[in-house]
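**Q** If you scroll down you'll find the structure; I have some questions about it.
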Amino acid sequence: MSVVNNRVALTNLVSMEALTTEEVLGLINRGSEYKAGKVVISDHQKDLVANLFFENSTRTHKSFEVAEKKLGLTVLDFNADASAVNKGESLYDTVLTMSALGTDICVIRHPEDDYYKELVESPTITASIVNGGDGSGQHPSQCLLDLLTIYEEFGRFEGLKIAIAGDLTHSRVAKSNMQILKRLGAELYFYGPEEWYSEAFNAYGTYIAIDQIIKELDVLMLLRVQHERHDGHQSFSKEGYHQAFGLTQERYQQLKDSAIIMHPAPVNRDVEIADSLVEAPKARIVSQMANGVFVRMAIIEAILNGRNKNS
């Protein structure tokens, strides 16, 4: 991976640690340029992209689709429920098929952690892989749109106090963000139920009670409680969680005037955040959704740059 003519060029995008700091900042900057309407878009109709989503998704799936169509790519329709997956076809063979049909890029979301490893290591699959979320692993495009949202607000990452809060163990968003935010110089804090916390997070920040740090925060990044990834044996009270760990009206009032609230969505209202705060003045949840299109345009462009460079 490299930066060519001041433009990022990628073969695949599967994790944040695979990106250099220069590439991360380049993608954020390019997303900002797309948002500002500063980019003359080339004709990409000959380039084929398939969005292979094996988990439910609204924001990631549709914003990739919007990004691809804005760039002029030909988007191949794929419905997992109506595909040979229901006949037992593996993910590998599905992607192998798409690649053989001439698909240039496969954007994939899959419930298996690290699903992409055998795909990017395959000598036969020529399609580039963009990870749209792997199990409880990583979510690089969400991370990049989060970075753009933060940078738009503060113009920097160095020294910002950022708390990532909630269902940490199951969150691919947390795992992608904590790595790059620490690398960019942010001061990270984590909070949530102890049973949803892993010591692996200690290398990136400090586990702390929300009420000890909330007045100092620049960014409060809330995470969805992922009921579908729990084993079903844990007792859970929405009201209990909201009062102990959620953003209540009382906690909102303690945030600095300059602080912002983020959430990757979908939001469990009155669980992670009070219903009335989802569109509050400090909330940037809608901005995150909008920024997703522009960052994903930058990602797709970077993949096409990489393919053209290697062709």
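Backbone N, Cα and C define each Cβ position, glycine as well.
From a predicted model like this one, the values you see are computed outputs, not experimental measurements.
So Swiss-Prot lists these for the protein:
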BINDING   R59, T60, R109, H139, Q142, A265, P266  carbamoyl phosphate binding site
BINDING   K87, R172, R224  L-aspartate binding site
**Q** Starting from the carbamoyl phosphate site formed by R59, T60, R109, H139, Q142, A265, P266, give every other residue of that chain whose CB sits within 8 Å of the mean position of their CB atoms, in sequence order.
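**A** Along the chain, the qualifying residues are S57, T58, G132, G133, V173, P264, G292.
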**Q** Within a 10 Å radius of its Cβ, which of these binding-site residues (R59, K87, H139, R172, R224) has the fewest neighbouring Cβ atoms?
**A** K87
**Q** Could you measure between R224 (L-aspartate binding site) and R109 (carbamoyl phosphate binding site) for me? Cα positions, answer in whole angstrom.
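**A** Roughly 17 Å, rounded to the nearest whole number.
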**Q** Using K87 (L-aspartate binding site) as the reference point, find which of the binding-site residues R109, H139, P266 has the shortest Cα-to-Cα distance to it.
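**A** Checking each of R109, H139, P266 against K87 (L-aspartate binding site), the shortest Cα distance is to R109.
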**Q** With carbamoyl phosphate as the bound species and R59, T60, R109, H139, Q142, A265, P266 as its recorded binding residues, calculate the greatest Cα-Cα distance and give it in Å as a whole number.
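**A** Farthest-apart Cα atoms in R59, T60, R109, H139, Q142, A265, P266 are separated by 16 Å.
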**Q** Please classify the secondary structure at R109 (carbamoyl phosphate binding site) using three-state DSSP.
**A** strand
**Q** For A265 (carbamoyl phosphate binding site), what is the tally of other C-beta atoms lying within 10 angstroms of its C-beta?
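**A** I count 18 other Cβ atoms within 10 Å of it.
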**Q** Between A265 (carbamoyl phosphate binding site) and R172 (L-aspartate binding site), how many Å separate their Cα atoms?
**A** 13
**Q** R59 (carbamoyl phosphate binding site) to R172 (L-aspartate binding site): how many Å between their Cα atoms?
**A** 15
